[in-house]
Amino acid sequence: MEEPAAHNGSAAGAAPGAGTPTRPPATPEGMALAYGSLVLMALLPIFFGALRSVSCAKSKNSSEMPETITSRDAARFPIVASCTLLGLYLFFKIFSQEYINLLLSMYFFVLGILALSHTISPMMNRFFPANFPNKQYQLLFTQGSGESKEEIVNYEFDTKDLVCLALSSVVGVWYLLRKHWIANNLFGLAFSLNGVELLHLNNVSTGCILLGGLFIYDVFWVFGTNVMVTVAKSFEAPIKLVFPQDLLEKGLDADNFAMLGLGDIVIPGIFIALLLRFDISLKKNTHTYFYTSFVAYIFGLGLTIFIMHIFKHAQPALLYLVPACIGFPLLVALAKGEVTEMFSYEESSTSKEAPGASKEEPTEASKKEK
């Protein structure tokens, strides 16, 4: 069985034979199909999530506004992730795995429905007839009164969104009752796409801090301890994409899975999405840095799978993805003489200014907020 090396939903499958000894080894055809499918599934949320992040950055709807990651957030993230990982490890060691996974299943059941509904909503809008009775709704929670009133939740939606929510609930019930790998992947893809779309790095330096920190973190927890593997094997939640290596032999009832954690999709994905928005800010009608980083991700993920099977050991995918996703675009920027423009590009966390607006004012504003 494929064993993952995971952190907070980040995993790369281990080499064949690392798991249950009684399981027959996967066939070359089955392995090629499984890993090819995982690579394809990883690329979809990155590509479409990056495209959707562009319109998301310009959105005036508070329910669709992105969450901006600052350099301080990026520096703290590996520490928070380590504490979370270690906490889960201790929980699984002390308490019953069955009850913990039951609570996690309910939690991800709700999150998965909301994420999948948000993901399919733009596509579903094309199938609604023009005369569909679409009504607007608003969910508003405030705190305080008078001039001190503060918005806690302000979510706008319509009847079409409710239909998408109902369809997503069907998948949610399927996942809750059967834990089927297809339902798991639908939720996983939705989580990944939403992450790439809604999590925005404020600049390239922040992206380098985040990816660099998680690079060290990933290597330490995979090669230094057995914590990641233990948590990933015990954690029953749609935090990873899976594909059966014995699909050709057993069909949809296959159970010998290759795995890829969502962290290995979302973390590089938000950096790739940032480079797409940087491309657009240059106003050259080219997406050079986006496509360069996208190809770099494919190269890094392919290298991860190759090394994993050479050494027959679980691999931290970010060990290969981070140098590729940062190095390739940086080399292109050096060749084009745009390194200064790349590292001076800034996205405001407090306003929706057009790309290329003043870089100093948003930075000062963000410091005051902190």
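Backbone N, Cα and C define each Cβ position, glycine as well.
Copied from TrEMBL, the annotated features are:
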{"type": "COMPBIAS", "residues": "1-21", "note": "compositional bias 'Low complexity'"}
{"type": "REGION", "residues": "1-24", "note": "region 'Disordered'"}
{"type": "TRANSMEM", "residues": "32-54", "note": "transmembrane segment"}
{"type": "TRANSMEM", "residues": "74-92", "note": "transmembrane segment"}
{"type": "TRANSMEM", "residues": "99-120", "note": "transmembrane segment"}
{"type": "TRANSMEM", "residues": "198-223", "note": "transmembrane segment"}
{"type": "TRANSMEM", "residues": "257-276", "note": "transmembrane segment"}
{"type": "TRANSMEM", "residues": "288-311", "note": "transmembrane segment"}
{"type": "TRANSMEM", "residues": "317-335", "note": "transmembrane segment"}
{"type": "REGION", "residues": "346-370", "note": "region 'Disordered'"}
{"type": "COMPBIAS", "residues": "358-370", "note": "compositional bias 'Basic and acidic residues'"}
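When Cβ-Cβ distances under 8 Å to the transmembrane segment (257-276) are tallied for each of 32-54, 99-120, 288-311, 317-335, the top count falls to 32-54. Long-range Cβ contacts of the transmembrane segment (317-335) within its own chain (Cβ-Cβ under 8 Å, at least 6 residues beyond either end) map to 10-12, 207-208, 211-212, 214-215, 218-219, 260-261, 263-264, 267-268, 271-272, 275, 288-289, 292-293, 295-297, 299-301, 303-304, 307, 341-342. Outside the transmembrane segment (288-311), and at least 6 residues removed from its termini, the chain residues within Cβ reach (under 8 Å) are 12-16, 35, 39, 42-43, 46-47, 50, 260, 264, 268, 271-272, 275-276, 278-279, 317, 319-325, 327-329, 332-333, 336, 342. Using a Cβ-Cβ cut-off under 8 Å and counting only residues 6 or more beyond its ends in the same chain, the transmembrane segment (32-54) has close neighbours at 13, 26, 66, 122, 185, 189, 192-198, 200, 241, 243-245, 247-248, 257-260, 264-266, 268-269, 272-273, 276-277, 280, 290, 294, 297-298, 301-302, 305.
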